[in-house]
Every structure is written in C-alpha cells, then in structure tokens.
Amino acid sequence: MSSGCRSVGGSTWGHWRGDGGDLRQRRVLSPVCSAPAAGSWIGSQLGNVGNLLATPHPLGKPASSRVGTIVLACLLLFGSCVVRAVPTTPSPPTSTPTSMSTHSHGTVDPTLLPTETPDPLRLAVRESGILAEDGDFYTCPPPTGSTVVRIEPPRTCPKFDLGRNFTEGIAVIFKENIAPYKFRANVYYKDIVVTRVWKGYSHTSLSDRYNDRVPVSVEEIFGLIDSKGKCSSKAEYLRDNIMHHAYHDDEDEVELDLVPSKFATPGARAWQTTNDTTSYVGWMPWRHYTSTSVNCIVEEVEARSVYPYDSFALSTGDIVYASPFYGLRAAARIEHNSYAQERFRQVEGYRPRDLDSKLQAEEPVTKNFITTPHVTVSWNWTEKKVEACTLTKWKEVDELVRDEFRGSYRFTIRSISSTFISNTTQFKLESAPLTECVSKEAKEAIDSIYKKQYESTHVFSGDVEYYLARGGFLIAFRPMLSNELARLYLNELVRSNRTYDLKNLLNPNANNNNNTTRRRRSLLSVPEPQPTQDGVHREQILHRLHKRAVEATAGTDSSNVTAKQLELIKTTSSIEFAMLQFAYDHIQSHVNEMLSRIATAWCTLQNKERTLWNEMVKINPSAIVSATLDERVAARVLGDVIAITHCAKIEGNVYLQNSMRSMDSNTCYSRPPVTFTITKNANNRGSIEGQLGEENEIFTERKLIEPCALNQKRYFKFGKEYVYYENYTFVRKVPPTEIEVISTYVELNLTLLEDREFLPLEVYTRAELEDTGLLDYSEIQRRNQLHALRFYDIDSVVNVDNTAVIMQGIASFFKGLGKVGEAVGTLVLGAAGAVVSTVSGIASFLNNPFGGLAIGLLVIAGLVAAFFAYRYVMQIRSNPMKALYPITTKALKNKAKTSYGQNEEDDGSDFDEAKLEEAREMIKYMSMVSALEKQEKKAIKKNSGVGLIASNVSKLALRRRGPKYTRLQQNDTMEDEKMV
C-alpha cells in the first residue's frame, strides 16, 4: 500500500476485495492529508488510539506494541500526501446477489468507499479487539420479499368429554360352585368275622381269619331296625353264586339290641350289636377250632356328590354309582343309576327311627334304599332343582357403576378395586344348568341392601339384569336412580305431556338388552290354503311350499334339541385380571381427562397468544419470526405478510472493539462494533467490519448509532458471556452467573394420580378347595382306624379262657346225661366255681402289695421248717430206733421197773423177746416200703413201663403177705398182777 494521500473529493462506490474474493459492498473511509476536522474519521481513530493507550489491553500485550502503535499514528498524521484526481463518475460495482443488496430499489449509499487495502491503523484497531472464545454467531442478510409468511388464524379448541353412559346400581356376583352337594345317609351292614384257632398241648395260635361285610336286607331294616331298634344275629350273603349263612357265636338266630358306639367321629354316628369278637378253643389238643362272630352295624354318615351328580361317596369310603336325585317319579327317572332295578327301592311317607332316643320321626319323608354287594345305603330323596345349584354367591356389591364403552359394559367396583367386562346383551339363566337358585338369592340380597342403604334416597329404574363377565363371573345387576334425577324425569314427562313407560325412560338400555328380535315371516305363518275352482294351480303351489316348510322346521327343531347342550359356567380361581383392569381404567380415565384438559387449555392459550404475536411482529419482526420458526431469520413486515431471509452461521473469528465511539464526537454506537471473518484461518485481508446485534447476531453494517451520553453503562451478550461497557469503553467480561435470572415461564401444576392399594382377594378359600373332592380322605382314615379299634382289636379277638372252656365242656357233658346229670353237674360246677373263685382270690391277694409281705414271711417260715426237718432226718440216720421208738430205751425200762417195784438187776432175765422180734420185723417192713417208694418215683421220672410194672408187682406182694405180728391184748398182765 502506498503511503500517499488521497483527496477526498466525494464518496465513491466500490468493493473491498480480500483474499476470499468479492465479499460484500460496504463503506470504506479514506485517510485525509490535512489536519482532521472535528468528528473526522482520523480524529476518531486517534481517540481510539488514546483510549487504547489509557486502557490496559485485556490480552496483556507488551509495551513495545503500544509504542509501535503511536509511531504508526504519527506517520499517518504528518506523512507526505499525494493528491490524485478522483473521477466524478463512480466505478461500476461488482455484481452481487439481489438478496444480498443493501437496498432493494437499487440506489447507492454515498457513504461507501471503494475497495482498498487496509491501512496500518485499521490493522492496529483490529488487533486490539477482543476475540470471542466460544459461542455461535450469525449474520443475517436483509429480507427482500422473495420469501413471505403469514401467521396462522385462530384454531377451534376441543372440548373435554368422556363419551360414556354411566349407570349406578346394586349387584350380586356369582361364581362357579365347586363345592359338592352334601347330604346325610345311613349305611346298614353286618360285619362277619370267622376265626380259626389251633389248639396245641401247651399253646394256642390264630391260624386264619376271614372278614367280610354283607348288606342288611331292606325287610330287616323295616321290621327290626326302624321298628324295634334291634338287629338279627343271622347273616345271609351271596358269594360265588352260593348263599351263605352266618350266626353269631355259632348259635341260633336271636334279636340283639343296637347300642351306640363309644367311638364316633364328629360328623358321624354308629350303632352295633356287640363290641367284641371271641374265638372258641376246645379242650382237646392238636385240633383246629372255628368260631363265627356277626356284628350288625348301622352308621349315619355324610355323603357327597359333584356335578353332574351321577354318583356319590360316603365317608366310609364306599361309592354308590347312582345319582342322589334318582327316584321313581317322572322327573327323577332320567337320573343315572348303575344298579339293577331290584336293588333299588323308594318308599313314600317313611318314618325312620332314631336309635338313640328310640323315637320315630314326626314328619314322613321319601326314603331311597340301594343294596350293594357289601352295604345297604338309605337317604332322603329331594328334587334336584331345589337342592343342587352350579353357581354360588361370591360378593354382594352395594355400590357399582356400569358404563358402556366401545360396545361392552364395564362394571367398576371400588370396594374391591376390580372391573369386570361383559357384553351388552343379557345372559339367559336357562342356558346354564341348575341355575334356579341364582334369581332367588340375587333378589333377596339386592332387596336387603336396598332397604338398609338406599330406600330413602334412590329408586329402582329397572328389574334385575344378568351379565356373564369375563372369567366366568355372573353379575346380577339392578340399576338405580337418585330421587332428584327421577324427579327431573317425571317433570319432563309432565311438561311434554308424554305417556311413555317410566321404566323404559329411566332405564333406556333395558329395551336393548331384552334380546327381542323381529320374527321372520315364513310360510308357517300363512294358513294352508283351501283349493278353489278359480285358483287351483296357485293354491297347489302354496300347499307344496307350506308342506316343505313344515318338514324343514320339524327337522331343524329336532336337530336343535339334540344338539343343544347346557354349558357349565367355569370360573377362574383368581381375579387379578379384574383388579388390573380396574387399575388400568382408573389410570386411563385420570390421564385422559388430564390430557384433554391440558389440550383444551393449551389451545385456548395459543389463540390468546396469537393476538400478541400478531402485534409484536410489527415491532420486532425478526425476533418474533425467529422464535416462531425456532430458527435464526431476518424479517420485515410487508403489509399483511412478513418477508424473511435465513441467517448464516459465522465459522470464522469475531473480534469486539474496545470503544463504541464513532468519528463524530457527539455520536456513538449503540451496540459494540466488531470485526469478523466469514471462514476459518482467514488473514487480515478477509476481515469484515460490522456491529454486534442481539443474541450474537452480527450486522455487516454499523448503522446503530446514538448521541453520546454521560455515565453510559451497557451489558452486551458476546458469545456465551456478557461484556460490560462504561462511557462507551470496554471494561471487562461478565460471566452469566453474576447476573440474576428472571424466569418468564409459567409452571404447569398437574395433579398426580391418587394412591390405590390392591386388596388380596380369594375367589375360593383353602377350605373350599379342600372340600371339592368326593372323598374326604382324612375322615376315611379316622373312620377306618376307629372301626378297627372298635371291632378288630387283636387282643380282644384272641382272648381264650381255658377255664371257661373246660367248665363249658363239663357242663355240656352233664347236660347230656339228663336232668339227674344236669343236677349233678350243677353241684360239681358250683364246687369247681368255688375253687376257681378261691384260686382267683389268692391270685388277686398275691398281686396286692401286702400279699408280697405275706409271701416273704411264709418263705422264712418254710426255711425254718426245712431246717428242723433236716435235723430230724439226720437224727433218724444216726439212731433210727431211738428216733422212731424212744420208749424202747433202757431208761424207760428202768423207770417202768422202778414203778412196779423191780430192781435194775433183773433186766436181762425179764426182757420180752417176742416184742423185740416184732419190733425188728416192723423196721424191716418199713425199709422195704421206703425202697419200694424210691423205685416207683424213679420209674415215673424215667417214664419206663418196666419200672412201673415192677413197682406194681411189689405192691401186690406186700399186700398178699400176711402180717407177722399178733394183736396186742387189751389188758396188760403186769397191770392185772398189780391190781391183784
């Protein structure tokens, strides 16, 4: 660039070219040679240089750069000037796009200068600027009208409406009845026990046992059990096509009383003729003995039957393969029965007997009897439709809301947090089997709830309606209306002078649910024509068509009857789906209502704000349109439309100048001047001077000016931060955190969903599930154990009394001898009984504690006696004569002689030799007897026949041997002599 001066003869047009080519037509100020006038551009630049010297550079540049800046300014002021003539005709400008032109009408701005290379002062000014470190900057060309927009007119806002028809009422919910039909039944049978016992020499064992149950005949039930409270001891039963007979205790048939059983379960009663069974054992060993026990048993038990009621089970474990509703009446004959007709019997007007009180029933009943191969069962017959029902009441709902939505009914029950869905058509109770109880129970429950809660506030608006909900729940619903609403309906009728049915008016859905369809016309409705002479052909055709229609209808009806089957309603075991449906409907209703209201409010707010936008666009169209389009645009109002152009993002650097003062000392920029480059890595020749706009928008012109004011303070957004100017001079950067924020947003306050707890509900309780089967196995087990304890205790069965058997045998023996033998037998048995009683008394005494002490004393006494006996035996062995005949001793003889007056010296001459010989013979005989007894004992121990024979022979020899001694005299000679 030359250092000469160019005279300012006027303003010229041109383009300033940088390295990037043609950029934009803009104004360039030329330097002047003379001293700057007031407000001239050079004066402005000098003022900027002074401010630059007075204010420390924010980037911390060294002092050498400041000195260079001063030198450069002096050269500009005092350098030589070269004056050139400036052509009066401006040079033609470089062509630019129409949309980028400054003025759309094509006029030239006289303040713009031709393109030239920047002088050092301009470079210094740019270098002293503040670089934007972050943030996005945009440059917006002025709109020319090639693109125009308009504001949308107001919209029609939607109105909140659920679109449902709500009806309140009372309901009763029914479920499938899985519980069996229960009734009382009597079981009659005779328990036969045949025992076979082996009798050995010293033991008895049970070798076989036969047990069987045989039914009691119906005649015996009539004649003995229910008439006298007794039962026969005889049993007749058929086994293997052979009629067998059994008698209790193998005796003749007798009538035994039925006594209550001591063992009975809470749900059953029993009576029997005996509590024990005995076994007969004869007196002869090495034989088998057979005995029979017959026990007549009557049990009152619980019977159960489940759908389709073709059999029932007893708590004894027996199953009867016949329906409990089978009978001889017309309606009962179609029920199931697997037994022959002769095994079944039905008695009208029967009065059973209570075996405890021995009283007959006052009211007669219809009694059924079935004889099976093992038992006879009786029960009171009842009608099936009266007692059996396939549905049972589950819940009584005192507050239910029904709404119609998308062709279905939704029954909402807040008390159990459940929603049931059904069709809009009513359910016919006739299509399900055994549902006669539903209508009765539903009516009673609904009437009871109405009288307690709603009689004074509501009125019924229809009859009871039945709907089959999903999951197998039958809902009996009766709609209601409040008294106020019903009064409004009545007033409407009076006002309009109408005579409609009040029920149809209060419940408009009733007509839709009656399932009434228009009857289709057919040939059946046309009477059969009678032939006439005028229209014979036509009447013949009608006759044939009528006949075909009758045949087709008959065939269709018969097929429908055979194909029509009643379907049993199956109910799910859980209502979790209904609870989830209730939760979903509750959330859906709340959310939909909330969103609908938000949409309505939003639309209303937008319509109101549209008026504000329409007025604000006249003040600042660029800001309004940019906020509306959510995009940076430049806008200008063209009448009733708005012209817009899109802004381009600046990719290069943006420098902010320190001073906002212009060349005129009285005029300043209202927004900071900047220098920027369009592209990255552009040199100084590609820089453009502009002005900082709002929200980081860069103007390519510096038109925003104002009169300079004192104490001026401004904050401008530059990038992501703010810059602070005071007296039109840059002071510092201000972070956004130091500036307090004022929010212009309106908070949206929404109501949250209310909390709702799900209650655990059981459709079937545990007791109901346990009670669903035919057999109660716990009851069966208890009954079988108690039955075994009652009748089959092995301790009472094998209880053989040998004494009683012997006594019975002796009595039978004497009884066979006639009356004399029977009398003798009575005497003998009485004595034997006394002996047995004595022995039993002794045995009981020994079992007593005092008896043990007595036994101890007896043992001690026996030991003492044994000691004295042992001493006596030893004395006999040592001196048998002295021990056996102590009178033969010498002392006794001397004493006798002394008493008769004799001397001791005469002993030898006067001793009686005959008596001595007799004594010797007696001792010898006693020795032989002792030896004979020993021999006999040895023979008995050895059980040898030879020894026994020898012993008997010895006894005979001793008996036949004559005595060796003479009879003693009655009077002693010595006594006679003494007396003389």
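Heads up, the Cβ atoms here are built off N, Cα and C, so glycines get one too.
When Swiss-Prot is consulted, the disulfide partner of Cys296, picked from Cys231, Cys389, turns out to be Cys231. Residue annotated by Swiss-Prot as N-linked glycosylation site (from the set Asn497, Asn952): Asn497. Swiss-Prot records a disulfide bond between Cys140 and Cys647, which is the match among Cys437, Cys603, Cys647. The N-linked glycosylation site entry in Swiss-Prot, when matched to the candidates Asn380, Asn971, corresponds to Asn380. Per Swiss-Prot, the listed range annotated as region 'Involved in fusion and/or binding to host membrane' is 282-290 (candidates: 282-290, 426-434, 624-632). Checking Cys81, Cys157, Cys389 against Swiss-Prot, the residue bonded to Cys603 by a disulphide is Cys157. The range from 740-793, 794-847 that Swiss-Prot describes as region 'Hydrophobic membrane proximal region' is residues 794-847. Of all the Cβ atoms in the protein chains shown, 14 others lie within 10 Å of the Cβ of Asn275 (N-linked glycosylation site). The Cβ neighbour count for Asn165 (N-linked glycosylation site), using a 10 Å radius and every protein chain shown, is 12. Of Asn165, Asn380, Asn423, Asn727, Asn749, all annotated as glycosylation sites, the residue with the shortest Cα distance to Asn275 (N-linked glycosylation site) is Asn380. Within 10 Å of the C-beta atom of Asn380 (N-linked glycosylation site) sit 15 other C-beta atoms, taking all shown protein chains into account. The Cα atom of Asn749 (N-linked glycosylation site) lies nearest to that of Asn165, taking the glycosylation sites Asn165, Asn380, Asn423 as the candidates.
Cβ-based crowding with a 10 Å cutoff singles out Asn727 as the top-ranked of the glycosylation sites Asn423, Asn727, Asn749. Each residue contributes its Cα atom, and for Asn423 (N-linked glycosylation site) and Asn380 (N-linked glycosylation site) these two points are 42 Å apart. Each residue contributes its Cα atom, and for Asn380 (N-linked glycosylation site) and Asn165 (N-linked glycosylation site) these two points are 51 Å apart.
In terms of DSSP helix, strand and coil, the motif 'Golgi targeting' (925-928) has 4 helix, 0 strand, 0 coil. Taking the motif 'Internalization motif' (965-968) as a whole, pLDDT averages 50 in the prediction. A distance of 73 Å separates the Cα atom of Asn727 (N-linked glycosylation site) from that of Asn165 (N-linked glycosylation site).
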